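Working notes, structure below.
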Amino acid sequence: KMSSGAADLRQRKKQTCTESDKMAPEERNKENSKLGRSPKYLLIQRFAKLFFGCLAAVTSGMMYAVYLSTYHERKFWFSSRQELEREITFQGDSAIYYSFYKELLKAPSFERGVYELTHNNKTISLKTINAVQQMTLYPELIASVLYQASGSEEVIEPVYFYIGIVFGLQGIYVTALFVTSWVMSGTWLAGMLTVAWFIINRTDTTRIDYSIPSRENWALPYFACQVAALTGYLKKNLNCSAEKFCYLLVNASTYTFMMMWEYSHYLLFVQAVSLFLLDSFALAQTEKVHEVYRIYLFSLIGGYLLQFENSALLVSPLLSLVVALMLSKSLQMNMKKSTFVSRLLKIMYIYLVLTVAVTLNFLLKMFIPHKENEHLLKFIEVKLGLNTTKNFTMNWLLCQESLQAPSQDFFLRLTQSSLLPFYILVLIICLFSVTQVIFRRICGEPLKETVKLEDGRIGERPEIVYHVIHTILLGCLAMCLEGMKYLWTPYVCMLAAFGVCSPELWMTLFKWLRLKAVHPILLALILSMAVPTIIGFSLWKEFFPRIMTELTELQEFYDPDTVELMTWIKRQAPVAAVFAGSPQLMGVIKLCTGWMVSSLPLYNDDDLLKRNENIYQIYSKRSAEDIYKILTSYKANFLVIEDSICNEVGPVRGCRVKDLLDIANGHVVCEEGDNYAYSKYGRFCHEIKMNYSPYVNYFTRVYWNRSYFVYKINTVISFQS
C-alpha cells in the first residue's frame, strides 16, 4: 500500500546521524562474526583500500597535470620563446583574460589593481566597464594574489604561474572524476579506467588545448568536486562524519563554481532538474535533496552580492526552480496523508513545480531590471527553427562549430576508444533497473534500507539514479550543440567506468537473465574485475604509443606576421592610439601591446556585439565614407585589415564573415525566392588596397606584411578625386 510505503520512507528520512552511526557497527560486527573476521582485520583492510585508492587518485591527477604541461611545451616551444611570442599563443577571449592578469601584477597594489578593473576605461574606447563583473575575472584576482603573496616573483615567471594553476586544476578535475567513479563502484579500478578514457578522448573531454584561460577550464574542476561530494552525500547509510564532510564540500564547491563562470547557474539548473526528478519518484531522502536546494539558494544570493549585484542570477531559471520546489514541498508533505491524494500528487507534482517555476521566472524578469543575454534567447529560437533571421550576429553564432550539432567523427572517436558502446550498455541496464524501481514505488512497495549484491537492484541506489538522469540531460544538450560535449563526455567516461567495474550492475543483468548454470554472484565479481582489465590492456596497447608520440614529437607554432605587427605597434603607434579590426585580433593587440581597442571578442554584452558587427563592416561591400563614419564614431585611429578574413575560403559557403555581412546588408542574390540587389560598391577590404580615391582620402596605409594591412584613419580629409 502506497501510504504505508510513504510513511516508512519518511521514517527513514527522520533517522539521525547518531542513530545511523550506532546501528552501523552492530551490523558490521554481525557480518564479520559470520565471516570469521575480527574488527581489527576489517579496519586494516579498509584503511589499506582507502590509502591506495587515494594515492591512485592523487597520482592520476598529478600525472595528468604533468602531461598537459609537457604537451603544451612541446606544442608551443614555450620555454624557448620570448614573452611576446608566448602571449600570441593566447587567442581571442583567452588573450583578454590573461591581459587583465598582467595588469593586476603591474598595479602598485592589489586594491588599486582591482579598482582599475572595476572602473576600466583603458581597454575599450568610449566605454567604461566593470571588467571583474562583465568578464568574471575572479580567477585572475585569485591567481594574482597567490603569485604575489607566495613570493613567486623571483622564482617563476607570471605566465608559467598562471598556466600552472590551470593545469593543476585540470589535475583536480581528473581526481574528482576518479573519486566519483570509485565511490559509485566501490573499487578504485573504476577510477583508473575513468582517467584512461578521459585522457584518450581528450579532444572531446576538454578545451584546455585551445583556450587555457577560458572560464570553463577554471570552473569545471570545482563542478567535478561538487558532483563527487554530492554522489557521496546521496548515498544511503552514510555515517555522520562522512555526510557532514560531503555536505560542506558541496557547499564550498557550488559557491566557488558559481563565482568562476558566468554560465554556471545554467549547468546547476540542469543538476537541479536531475535532483527534482530523483525526489519526485521518492528515490532519495527528501531532506537531503532539499538541503542541496538550500545550497543553491545561498550560493545564488552570495554570488549576487559578490558579483556586484548581478541581476542575471536573480532572473536565472535555477532560482525560479529552487523557490518553486521549496514552495511545493509543504504542499507535497501535507498531501501525502491520503492515499488518493498521494497518487494524484505523483501525476501533478512535476506539472505543479514547473508551472510555478515558469510563472515566477516570468514575474522576476518583468519586475527586476536585468541585462540577461537576450541574443541567447533569439539564438535558441533560430536554432530550433522557430524563427529566421538575417542578423549578422545571430547567423555568425549559428555558424560556429561549437554551436552546431555534433559531427559523425565525434561518435566515431568515442566508439574507437570503446567508450560509447560500454556507456550505452551501462545506461540501458541502469535505466531499466530505475524504471522497475519507479514502477514498484508507484505500486506502493517501499525501498530497501540496504541494497545487497544478491538483490540485483542497482536502480535503488539514489546516487546511481542521479547520475543516470544527469548524463541523459547533458547528453540531450550535447546532441544539439557540439560545445556541450565538454560537459557531457567526462561524465560518460565516469559512468561507463563505474558500470563495467560494478558487481551490482552485472548482478542486475544476471537477475533478468536468470542464470542457473553459473553462480551469478561469483560471475558478477569475476566480470567486474576481468572486463575493466581487458579494456585497460586494449587501451594501453592501442593508445599509449600515440600519447607518448604526442609528448616526444616537437611541433612548431610560429606566427611571424603577428609578431611583426605587434612589434610595429609597440614601436611606432602613439600611446593614445585606438585600434579597430576583428574582435579576435583586438584581444591579441590588447594583451601584447596594451593599446586601447574598439571591440573585444566577448559575447555577453549587447553593446559589444553591436560594436563587433559594425566594425566587421570593413569586410563588407560598403562605401569608404560609411566605414570612415563607423570607425570615427568609436574614436579609432588605426584600422587593421586581416587578409585571412578578406580572402577567406571557408569550407561552408554562407558562413564566411563576408558572406554573413552581405546577407545582413542585402548585397547578394539568394535563392529560394529571396532576391537581393548587388551593392554598387566593391568589398571595402579589397578596394582600400588599391590606393585610389576616395579610399586614400580617408585612410593612409602605414604598415603591411603578408597577413595584415594597417591604415591610419585621417583626421583631416582631402576630397581630391
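Here the Cβ of each residue, glycine as well, is placed from N, Cα and C on the backbone.
According to TrEMBL, the features are:
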type	residues	note
REGION	1-33	region 'Disordered'
COMPBIAS	19-33	compositional bias 'Basic and acidic residues'
TRANSMEM	50-71	transmembrane segment
TRANSMEM	182-200	transmembrane segment
TRANSMEM	266-284	transmembrane segment
TRANSMEM	304-327	transmembrane segment
TRANSMEM	348-368	transmembrane segment
TRANSMEM	420-443	transmembrane segment
TRANSMEM	487-509	transmembrane segment
TRANSMEM	521-540	transmembrane segment
Please figure out which one of 266-284, 348-368, 521-540 racks up the most CB pairs under 8 Å against the transmembrane segment (420-443). 266-284
Where among 182-200, 266-284, 348-368, 487-509, 521-540 do we find the most Cβ pairs under 8 Å to the transmembrane segment (304-327)? 348-368
Could you check if the transmembrane segment (182-200) is in contact with the transmembrane segment (348-368), meaning 3+ Cβ pairs under 8 Å among residue pairs at least 6 apart in sequence? no
